[in-house]
Amino acid sequence: FSPNSPSDVARCLNGALDVGCGTFACLENSTCDTDGMHDICQLFFHTAATFNTQGKTFVKESLRCIANGVTSKVFQTIRRCGVFQRMISEVQEECYSRLDICGVARSNPEAIGEVVQVPAHFPNRYYSTLLQSLLACDEETVAVVRAGLVARLGPDMETPFQLLQNKHCSQGSNQGPNS
């Protein structure tokens, strides 16, 4: 595949349906490095059956919200990749917030755990936005999301992940590089 230019992406978005993952397929293989939303869309669709009614509505509405938001703003932002990438993340965050991703995660811990898998390719800014949206929830929801993610990392990755997550310095300790 040859990378798609921003104008190719814009043309594709203009013709994409607002249901399904077609809009997000347009973002793949772009010269602006906007890959990742298609994988998230596919994960949501593949796990949709495991969500409760509120979760199923969230899946449908959040994907539609992001697709419509990106499509409606693409022509204002397509000229500069950084602005385009930021716009996609902002639309994603707005949609998750407006549609209460925290409530959905709280009432669908298993299903959200299936969605929050470690992506095959790092870095993935849109996966990070999804995780940040979930980690901004209440402590109980964050604990469920973290536990699900750590469980899916497997034993080889669990220890380094926990080490990076924990702070081992005592509060009174001033043994940093500047002391």
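Heads up, the Cβ atoms here are built off N, Cα and C, so glycines get one too.
What Swiss-Prot records for this protein:
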{"type": "DISULFID", "residues": "Cys12-Cys26", "note": "disulfide bond"}
{"type": "DISULFID", "residues": "Cys21-Cys41", "note": "disulfide bond"}
{"type": "CARBOHYD", "residues": "Asn29", "note": "N-linked glycosylation site"}
{"type": "DISULFID", "residues": "Cys32-Cys81", "note": "disulfide bond"}
{"type": "DISULFID", "residues": "Cys65-Cys95", "note": "disulfide bond"}
{"type": "DISULFID", "residues": "Cys102-Cys137", "note": "disulfide bond"}
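Here Cys81 (disulfide bond) is positioned 21 angstrom away from Cys65 (disulfide bond), judged by their C-alpha atoms. Between Cys81 (disulfide bond) and Asn29 (N-linked glycosylation site), the C-alpha separation comes to 13 Å. Its Cβ taken as reference, Cys32 (disulfide bond) is surrounded by 20 other Cβ atoms within 10 Å in the chains shown. When Cβ neighbours within 10 Å are tallied across all protein chains shown, the highest count among the disulfide-bonded residues Cys12, Cys21, Cys26, Cys81 belongs to Cys26. Between the CA atoms of Cys12 (disulfide bond) and Cys95 (disulfide bond) there is a gap of 22 Å, rounded to the nearest whole number.
Counting only residues at least six positions away in the same chain, the Cβ atoms of Ile101, Cys102, Ala105, Arg106, Val145 sit under 8 Å from the Cβ of Cys137 (disulfide bond).
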